[in-house]
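Before any comments, here is the structure.
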């Protein structure tokens with residue numbers, strides 16, 4: 001890794017800027033998923049969790065950026081926070097009937113998680129909080145990236161990737177790769193491990209789109225009966 005870091009060092013600012021840009025582009029990928037929901041007319045087959053998770057992750061990253069005094073991180077995550085809040089509202093708008101109650105329950109859990117972590121940050125030892133908060137964000141990132149794999153059983157059963165948010169998964173892989181390179185340049189084992197794992201999870205999910213079609217698998221045709 002050291003040789004790669006040395007080779008990429010002259011491009012540090014370029015790689016960092018690229019990572020920030022592709023992160024913002026990834027935030028806009030939710031528009032494609034929401035548009036698919038709009039065309040369908042409802043949210044069946046989709047989940048609000050990626051949008052809620054993105055909201056929580058951006059909000060916590062704003063707090064982390066304040067701790068690090070990183071204005072760039074704060075600006076990027078403010079954009080992500082605003083967009084994900086719009087996605088949650090749009091998702092709720094297209095949710096039908098009793099399913100709205102489930103969405104409210106998920107919103108409540110997301111709010112409780114955010115409040116709990118932010119409260120912890122305020123009371124933790126200042127000498128420990130940065131590292132431990134980073135661990136929390138890493139765990140949340142891995143959860144968000146790997147979340148679509150929770151439906152792996154249904155995917156294998158139906159032999160279909162219908163409902164998986166391809167734009168979010170694909171751009172997530174691009175973002176993870178960009179931040180992986182930046183972590184190597186900074187010689188930050190924290191960033192490298194965080195994004196290497198996220199990239200691996202994204203690669204597993206992308207492979208499902210190669211193996212299975214996006215639509216439901218069709219049953220084999222019934223053989224025609226022979227006439228006597």
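Each residue, glycine too, has its Cβ placed from N, Cα and C.
TrEMBL has this to say about the protein:
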- 15-34: transmembrane segment (TRANSMEM)
- 46-64: transmembrane segment (TRANSMEM)
- 76-94: transmembrane segment (TRANSMEM)
- 101-121: transmembrane segment (TRANSMEM)
- 133-152: transmembrane segment (TRANSMEM)
- 164-185: transmembrane segment (TRANSMEM)
- 197-217: transmembrane segment (TRANSMEM)
Between the transmembrane segment (133-152) and the transmembrane segment (46-64), are there three or more C-beta pairs closer than 8 Å, counting only pairs 6 or more apart along the chain?
yes
Stretch with greatest number of CB pairs under 8 Å, the transmembrane segment (76-94) reference, 15-34, 46-64, 101-121, 164-185 candidates:
46-64
